[in-house]
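Chemist: If you scroll down you'll find the structure; I have some questions about it.
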Amino acid sequence: MSQLKIGSSQCLWTSICIVLFVLSMARGAVSRNYGDALTKSLLYFEAQRSGKLPSNQRVTWRGDSALRDGSDAHVDLTGGYYDAGDNMKFGFPLAFFTTMLAWSNIEMATQLKAHQEQENALAALKWATDFLIKAHPEPNVLYGQVGDGNSDHECWMRPEDMTTPRPSFRIDAQHPGSDLAGETAAAMAAASIAFAPSDEAYAQILIGHAKELFEFAKAYPGIYQNSITNAGGFYASSGYEDELLWAAAWLHRATNDQIYLDYLTQASGTGGPRTAFSWDDKFVGAQVLVAKLALEGKVESNGKIAEYKSMAEQFICNCAQKGSNNVKKTPGGLLYFLPWNNLQYTTAATFVLSAYSKYLTDAKASIQCPNGALQASDLLDLARSQVDYILGSNPQNMSYMVGVGTNYPKKPHHRAASIVSITKDKTPVTCSEGFDAWFNNPAPNPNVLMGAVVGGPNDNDVYGDERTDYQHAEPAPATAAPFVGVLAAVA
């Protein structure tokens, strides 16, 4: 009897050891998957490049394109990134994802370096900032769009074949756009911090542009789509107060100049409680940056500063399901904000969680939510759960990042990826031929858009993988940029 007990005990312990070993191996596999996803997330930006591609271009199915952008205005507007799955360059979302790429480079510099991706991450950022510098040729002039959104969307063409009009649109003193100028100022200021350790001269150039753009945004108030009306149907801004706070917060972090902190504390409001962080709504970002100052003890956490911090933490509490207005979750556990490209909001919110986890750790602080406390580790655990969902731990067992695992979207809504590469067939694909032969083709895309994150599933965790479903199948840099930082944080 005792021998039986001993044998059973040994069997039990053997079973436990096997289970623990399997779990540890699975955990290691996930960890390695984060690193793989991080590498691929940066490859995606190379697939989005416009202009003359560099000799070290790794996404070789793409070719040079849009080499005359800006010629109608006698300005060089080549380079930069295409928007989502089309061939447009929309300055407003472009500037936002540039800011988020910069923030990823800043907060997760150590992790990016450890995974040997810092050089690639900075290269992705510089491809954007080089373009933004060219788009700002005078203190009160900023080019905010290249291409006509309507004609572009009426065609399905490779960027290398484009025959659609490429008009250049700008804002200036007579045609203002405080939101566009403010967001671009934020991008330049944030990028200056990212580049300062390796290229101080370039960082100073960026700071100069950021300061000019911030003054331009303040001096000539206005919503940019009233000046660039073509943008209104695609990326309409809901206001410019958030961009001005966001820009001031980044300029203060980059320069430590009191005037930018004064702007933040003397503003009429802090944005109040927000339900999302996105290319249109930067209040959460500004709130988080000011909260960081308070956590570091660089400013007194009272008055307006305390309000910024409270609003930032209220957003985090709601994401963590411990607030008074919690973010909806799908049955599978995904933070769900809006039906159209929900993952852009999820990755942005998850970046906030990752960054704030770092701030709390450094400050040895926690958050007191209406329904319980949150430690730094809780925030990172929630961020990791969202990453895991996006990379395949979901009811469909599908990775929503292209190229990760074997079950991932094969037909993302993306012109360049869905048409045979120009390196394989140089025969031009016309506007209508693209729709007939490629857009409506039920086959998978001929080019794998490695690292792209699609719009994601609906609120019931269902994803159909149809090229025609642009609300769920279209990837965008605004989704990918914050995800770079999140992946680095959890890798």
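Each Cβ is built from the backbone N, Cα and C atoms, and glycine gets one as well.
Quantities reported herein were computed from a predicted structural model and do not represent experimental measurements.
Annotations for this protein, taken from Swiss-Prot, read as follows:
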- Asp86: active site, nucleophile (ACT_SITE)
- His413: active site (ACT_SITE)
- Asp465: active site (ACT_SITE)
- Glu474: active site (ACT_SITE)
- Asn397: N-linked glycosylation site (CARBOHYD)
- 1-31: signal peptide (SIGNAL)
Chemist: Going by Cα-Cα distance, pick out whichever of the active-site residues Asp86, His413, Asp465, Glu474 is nearest to the residue listed as 'N-linked glycosylation site'.
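Modeler: When the Cα distances are compared, Asp465 comes out closest.
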Chemist: Among all chains shown, work out which of the active-site residues Asp86, Asp465 has the most CB atoms within 10 A of its CB.
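Modeler: Of Asp86, Asp465, the one with the most crowded Cβ is Asp86.
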Chemist: Do me a favour and check the Cα-Cα span between Glu474 (active site) and Asp86 (active site, nucleophile); whole Å is fine.
Modeler: 9
Chemist: Around Asn397 (N-linked glycosylation site), how many other C-beta atoms are within 10 angstroms of its C-beta?
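Modeler: Neighbour count, Cβ to Cβ under the 10 Å cut-off: 9.
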Chemist: If one measures from the C-alpha of His413 (active site) to the C-alpha of Asp86 (active site, nucleophile), what distance in angstrom results, rounded to a whole number?
Modeler: 9
Chemist: Please report the Cα separation of Asp465 (active site) and the residue listed as 'active site, nucleophile' in Å, rounded to an integer.
Modeler: 18
Chemist: I'd like the number of other C-beta atoms within 10 A of the C-beta of Glu474 (active site), please.
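Modeler: For Glu474 (active site), the 10 Å Cβ neighbour count is 21.
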Chemist: In DSSP terms, helix, strand or coil for His413 (active site)?
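Modeler: Note: His413 (active site) is coil by DSSP, not helix or strand.
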Chemist: By a simple count, how many Cβ atoms lie within 10 Å of the Cβ of His413 (active site), its own Cβ left out?
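Modeler: So the Cβ neighbour count for His413 (active site) comes to 24.
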Chemist: Which secondary structure state does DSSP assign to Asp465 (active site), in the simple three-class scheme?
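Modeler: Note: Asp465 (active site) is coil by DSSP, not helix or strand.
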